[in-house]
Structures are given as structure tokens and as C-alpha cells.
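One structure is given below, encoded as C-alpha cells.
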Amino acid sequence: MRGARGAWDFLCVLLLLLLLGVQTGSSQPSVSPGEPSLPSIHPAKSELIVSVGDELRLSCTDPGFVKWTFETLGQLNENTHNEWITEKAEAGHTGNYTCTNRDGLSRSIYVFVRDPAKLFLVDLPLYGKEGNDTLVRCPLTDPEVTNYSLRGCEGKPLPKDLTFVADPKAGITIRNVKREYHRLCLHCSADQKGRTVLSKKFTLKVRAAIRAVPVVSVSKTSSLLKEGEAFSVMCFIKDVSSFVDSMWIKENSQQTNAQTQSNSWHHGDFNFERQEKLIISSARVNDSGVFMCYANNTFGSANVTTTLEVVDKGFINIFPMMSTTIFVNDGENVDLIVEYEAYPKPEHQQWIYMNRTFTDKWEDYPKSDNESNIRYVSELHLTRLKGNEGGTYTFQVSNSDVNSSVTFNVYVNTKPEILTHESLTNGMLQCVVAGFPEPAVDWYFCPGAEQRCSVPIGPMDVQMQNSSLSPSGKLVVQSSIDYSAFKHNGTVECRAYNNVGRSSAFFNFAFKGNSKEQIHPHTLFTPLLIGFVIAAGMMCIIVMILTYKYLQKPMYEVQWKVVEEINGNNYVYIDPTQLPYDHKWEFPRNRLSFGKTLGAGAFGKVVEATAYGLIKSDAAMTVAVKMLKPSAHLTEREALMSELKVLSYLGNHMNIVNLLGACTVGGPTLVITEYCCYGDLLNFLRRKRDSFICSKQEDHGEVALYKNLLHSKESSCSDSTNEYMDMKPGVSYVVPTKADKRRSARIGSYIERDVTPAIMEDDELALDLEDLLSFSYQVAKGMAFLASKNCIHRDLAARNILLTHGRITKICDFGLARDIKNDSNYVVKGNARLPVKWMAPESIFNCVYTFESDVWSYGIFLWELFSLGSSPYPGMPVDSKFYKMIKEGFRMLSPEHAPAEMYDIMKTCWDADPLKRPTFKQIVQLIEKQISDSTNHIYSNLANCSPNPERPVVDHSVRINSVGSSASSTQPLLVHEDV
């Protein structure tokens, strides 16, 4: 039927053409055709819905030729028949059908093929350009659904700023695509018959908008080569996408045998990098020139250049940085500096003086760290030049191709030195004088044996005078006169002088009969003069010995320093003598009952005492009293008073030895502090070595109790020398469990006489890792408190940590009560004895004491702690080798019982850069992670419930202003040359 219809159409068209031909040939006037008309489509609708599997039939009517076009998801299908027939429609037949006639006029109808199993037509992948709109091609096959929109994958929300417009025929258009949408996963979504249907997953890939030119750089901006050497340079091109072009270009279009290699990759989504490598395997002189790396994108272009210079052979060019003729005064320093260019690299450099090569005092280094650097600097440091050290100083440098040198003439301004003065056989007196500038020589005569002549001898009598230059740069002058004309006894003076100074020599003559002989100068000295010189020399020696012995005496100085101001590494300390003292701290002397001496030093001592009514009116309390010895001087008395003021300024803290009172009137100054019965931590650790339990166990149950009772060895505070408190015999003691041992002290170590004796027992408990962690934690807390008060300790070590009931540690400063003269830990340096092995490098070499240097000392303390009281840097004496190893970064290995985390803290405390060391507050936080919850809880309870004694409290909310300030008087331990 379709074929018959087509034949009928063909006959109609043929008949029409014949009729037109007849009309054209006749004499009838022609009739112009009407306006073109649109073809008509049946069914005459803009949209048509067809169910899947049904027949799709569309017809197009037009007087002329027509063509059907079907478009869906960007694909086109054509048909030149009047009808478009699809016997079984599918979802994929959804789309726009257009009929076009020969005049180009057309009509369209959009067909939906409803398919319950396929609601969306999906076209993948999904691309978008930043700043533009992009279409998610997911047109519907059923226009009657609702809530047609976008959804994020897996229930994730879409970006808040994402907006879109939905079109069932085309899909969903995302407006103004942003770079942040890259790799956004989404679905097209619609509600169909009460349920939500999702399309396949779309992943949006965003192409970044190019808003800047590429970033271009090269590995080196200049290169110098000899002929035959290989040359390569890398160009780095960075852009947001790979749509960038790049190339190497030689300027001025010069020919070259260069080759290029290219590599590129993406670093993330919008970070594209390309490397263009320029290679010349064997450079020639005509390869010299400027090479440009050029890159461009749609925004613009960028370029960078590198210069290649190829020489036929190597070279060395020396540039003195000063005049080669130098004048310097005797005793002054001078630096001879040259810069030089060398290619290939210099192989040998040296400074030479008087045929002697310097092995030190000079340094040679490149002008820059650039790989293509060819400029170097050499410096010779001449210190405290003497008159005989002038002369020629030569710098020599060589490489594989050439040698070169430069010479400096150094003249040292020195006063004249009379080298020889003698009577010649020809009747002449001669003076040979050396100095710079050139000395002048005058001759004088006077009768008798004098030491100074004033009558000049006329220049006409000077027979000879000439000069020459010595190798050391001095000018040597020879001057002679004829002494035959002298008729009387007398003295001839040869006097040489220049603008630096003068010198003289004497000739003495006496006549014996008719002969004349010279009297040598030594005959002029009388026994009286000799005796005077000997006596004066002995007096000088005695004064020097007494001065030396006085300087060797240890000078007492308060170690704790309160910082007033910090300017970089310059710390301004508050002068402790200017700190206020509140007389409410005063305590009656007659209420103190003194006991045994706990410790003594060169100037002072600490004595155990009982204070009556210090805390309560009817209570006795054991305290420690620091006082001066009768041999102490005014300096020590002022220092003890300063220590008292510093303690009162700081206030109370659980982990420092707190001030309880003082006696400053009516007698010698007494400083009353807390009493710590177990002595210093260093000796405590050494006593507990044999009972140390290596494993860290929890503080509960029978295991902990059994562990504490394993060690039955009796030990008391009197077992070791120089420690606190002999426990009284005849008292029954109770060994507490580990859970009890930190509760055994009344708060803050304020122990009263009426406390049960069971609380006053010596610490017989074993020592374990949890104890060591607790000690390190408490000391860090105490140091953090001192730092918060702007206080620097300067002598933090286990020997300066005291231990009291409950194993509470307290930081102290023994000061004048420590015998540092006989303590091997303190090394004599300058006018002080210093704990060198505990000191930070900046304190050793530059005399800089800061909060950071205290942190270094804390790291050494940790090493002592976890080695159970071993001396740091074992087996290593404090000598030049020790200083050198500290400078070179030598650090101790982890002690035997230190956990890895604690050794990490030690290493950070020992960082060569003070600013990279942790603060004490940070150290406290680090150690809190290591200690058990029970230990932390016990410590917190003690700290929270610890009462302050009823003594005055200084308000620290406002910094105390010092009338004067004093820096440390300690000298630097080691100058650079000593290492």
C-alpha cells in the first residue's frame, strides 16, 4: 500500500510540472506562487505520549518534498518518507521529531515513550566548565512524574550554593558550575506513582576556568660550561589544566643542537605540571646564548629565560674586597677578604705569609648556595697584629685549568725598635733602627753618665744614614757618626722616633790616660737599683698569688632569676634587692628549736628545726632553716636576703620548697622553708636501685600490694650523707600500700608533731616506672609554675629536687648551703663554678640563660631520673672534646628505664634551636598522657586541697617594676678558638 501511494504522488508531481511548462510557453501572463507554508504533522500536537511496545505513527503533509528528523540525546536519525512509523516503541524512541519541507520550514512534535522500567534516558559522562552552565542529560520518558530534580549519591546533600533548572525533554541544567563541584556524584530523581526513582550515577568533572597565565620557572637561571661538557636545564610549567602549550626557544633564532624531553602529570584535580627538559649533550662555544621557556594558555602567555655561557677553557678571576696595601696599628685586627670567580670549581686554596702556609685563621666558602654559583669568598682573619707580623700575605687558588693569586702588603704601624747599637772598629757609632712609618734618627751628647741627653749633635756630623725595607714590612734605618771628635767623658744618645713612638740607645765613654773606651750600660746599675727591682718583682708576684686565690673562691649568687623584660635573646632580670619584703613573714626567733645540720656549704648551712606556732598557735612543726656561717661576707648576706625576697615574690606551689617564714631583725637572717624528710631525689634514686621494679603495673588489687612488699630491706633518711632527717628509733612503722603511699603526708608536707608516728615512717616502698613518671610530671609542673612567674632556675638537676611524704617532689635552690667547691658536678669557669653537664649550649658558649635553657636542663634531669641517679654523659670529662661534641650535636642515648615516649621528650628538650624546644606547659601535657589515671587523680587531689600557710601573699597580677636590673655575672665558658 505504501508503494502504490508513492507512485501516485510521483504522477501528481509530473502532471504539475507539465502544466507549468505549458503555461510558460503560452502568451498568457505568468502567475507568481503564493507564500511558502509550513508542513502539517498528524497528530497535530506538540507532545505525544506513547506506551512502550505500542506503534508510533507520525505523518507529515506538504505539497512538496519533506524530511523527518529524530533527535534524542544529541543523536540524529533521518527519514525522507511522509510517515514515520515505529512498530514497537521503546524508551529510546523518546525525543523530538521534526518534519522539514524543501523550503526549510518545519514543524516538531516531542514524543514520550512511557516505560515504567526506564524513567530516564541517561547520557554519560558529565562534563562542565567552571563558570558556565552544564546539562545533566537525563530526559524523562514519562512527563507526568513529579519532583524532577537532582540528588546526591548515597544520600549526601548537594552543595548549598548549587542551583539547577529541570526540563523533562532535555534534562537538568546546573547553573554556574563551580570548581568545588568537581567529582560531585549525583542522580536525576523523580517521584513516580508514590515512589522515588533515581537515574544512573553521574560524576561531574569540572574543567577549571583559566584566569591566569601559566606559572613558569627554570631549575637554573644561568650556567657556565667548558666546551664538551653536557648541559641540561629543566623548565617547570604549572597550570590548572593540561590545556597549555609549552616549548623551548633560543633567542635571536640562533642554531643549536639542543634536544628536549617532556613529561607531565596531574597533582590533584586542578594542579597540572609539565616539565620541559632542554639537553645539549656536548656544548660548544656557539651554543652560548639565552634560552627561553615559553608557555601559553587561553588567558595569555608567560616565559622565563636561562643563560648559557660556554668557554673554551677554565678560568679564575680574583677581586680583592679592599686595597692590597693596608696600614694597621700594632695590636689591631684586620681581615683580608677576596672574592673570586672560578670555573671549574677551585680545587686548592691557601693563604701564605713569609713562605708559611696558614692552616687556620681563614675560611673559604661559596658566595651562594645556587648550583650554578661560580663566585667564592676567602677570608684571612689576622688578630692582634704585632709589629713583626707585617709584610706580604698572598692568597693562591687553583683549579684543573689555571692558577691565580693576589698579594696584600700589610704595614703595621710600630714605634721604632733599635736592633743594634755598637761601636765600629773604624771609629764610628752605629744605630740600626726598624719601625713603620720610617723612623727618624737623631744623635745627642751630654757629659757624664746620663740616661737622657739634651744637646743635639748637628746633622753635619752624621756620617751615614740610609734605609731599607724588611720582609716584615718595617723600614730599617742605619745611622752612624764619628766619635773621634769627642774629647771628654760623656754619653751619646741615639734617639729614633716616628708618629707612633720613640726609642733610645746610649753609648758611654771614659778616658783612661790618652785612650778612650766605651762603658757598657750595665755598669751604670747600682746594687741599690738592682735590689729595688727584685723587691718590686716579689711584691707583684705576691699580689698576683693573693688575687688568684681570691678569685678561686666560689662566689655565691642566687640561681633563681626573675625576668623583667625580654628583647630577643636579651633577658633583663629584676634586681632581687629591689623586690619588696613583707614583714608579715617575720617569725619570732625564740620559737625556733634547732636540731642537726642538714647541709652546709662555703658560706651557709641548712639546719633542721622545730617551729612552735607557725601554722597553729599550739602546734609544733618540723621546718628547714637556711642561715649564714660566721665567715660569710656582706655579699653573702645580701644574697640570702635576695633569696628570701625571691621566694616571697613567687608564692606557694605544691612542687617547690615553699617559704614559711623568716627572721630578719634582732640577729642574723634566717629563712624558714618546708622540711623534706627524704632528702634530695638524686640520692633517693640511688638508694632505690636494688628495689626498682621494671614493669609498670596498675595500682590496684593484691598484685600492687605484693609488689610493694617485695623489698624488705630497711632504709632510713639517715642512710646517706648530706640528706635530711634521721628518723627517731623506737617508733613503730606501718608500710602503706602503693595506693596509700602518696596519701601518707598531710597536705603540702606540713607535718605536725601530733601526727600518728605511722605516717612518719621512712619510705620503704619499692620504686617502679609509675614513680619515675610521677616525679617527672611533678617537676615539670613545678617548673611550669616558675616559668609562669617569669622565674629562671639555672641549676635544675636531681640534686636540687627534694622529696617528702607521699613522694611529692619539691624544686629548691641549695645555693650557699651546697659545698660546690667539693662537688665534681660544678666545674670552675672564670670566676664561678658551674654545672656544665646540665647546661644548654647557649648557656655554655654564650652565657645566655633563658626559659629554654631550663628546658634543656630538664631533659638532663629526665635522663638522671630514668637512669636511677647516674651521672649524665657517663665517663666523659668536661674538656674541649666535650664542648666540641655538644656543639656538633652529640646527645646521650636513652637511659635504661626510659619509655620511648619519655626519651622523645628528652630529645626535644635537647634541640640545638632553643625555639624548637617545648615549653614546660607542653611537657606537662605530654607526660599527662603517660601517667596512670590513679596517679593523676592523687596528684590533683593533693594540689587542690593543699592549703597555703597563713602568711602574706604577694599579688602577682601586676609585674613588679625594678628600680635596677642585673644580668648574670657568669662569664662565657668557652670562646670559639678553644674548641
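Note: Cβ is positioned from N, Cα and C throughout, glycine not excepted.
Noted from Swiss-Prot: Cys185 is disulfide-bonded to Cys153, selected from Cys153, Cys188. Between Asn489, Asn822, Swiss-Prot assigns N-linked glycosylation site to Asn489; no such entry appears for the others, which is not proof they lack it.
Of the candidates Asn370, Asn944, Swiss-Prot marks one as N-linked glycosylation site, and that one is Asn370. Counting only same-chain residues at least 6 apart in sequence, those with a Cβ under 8 Å from the Cβ of Cys235 (disulfide bond) are Val216, Ser217, Val218, Ser219, Ser246, Trp248, Gln275, Glu276, Lys277, Leu278, Cys293, Val304.
Spatially close to Cys99 (disulfide bond) yet at least six residues away along the chain are Pro39, Ile41, Leu58, Cys60, Asp62, Val66, Lys67, Trp68, Thr69, Ser106, Arg107, Ser108, judged by Cβ distances under 8 angstroms. Cys293 (disulfide bond): 24 other CB atoms within 10 A of its CB, across all protein chains. When secondary structure is read from DSSP and collapsed to three states, Cys293 (disulfide bond) falls in the strand class. In the structure shown, the C-beta of Cys138 has more C-beta neighbours within 10 angstroms than that of any other entry among the disulfide-bonded residues Cys60, Cys138, Cys185, Cys188, Cys494. The distance from the Cα of Cys494 (disulfide bond) to the Cα of Cys188 (disulfide bond) comes to 116 Å. Cys431 (disulfide bond) has Cys185 as its nearest neighbour among the disulfide-bonded residues Cys138, Cys153, Cys185, Cys188, going by CA to CA distance. Of the listed disulfide-bonded residues, namely Cys153, Cys431, the sparsest CB environment within 10 A is found at Cys153. In the three-state DSSP scheme, Cys431 (disulfide bond) is classed as strand. Classification of Cys235 (disulfide bond) by DSSP places it within a strand.
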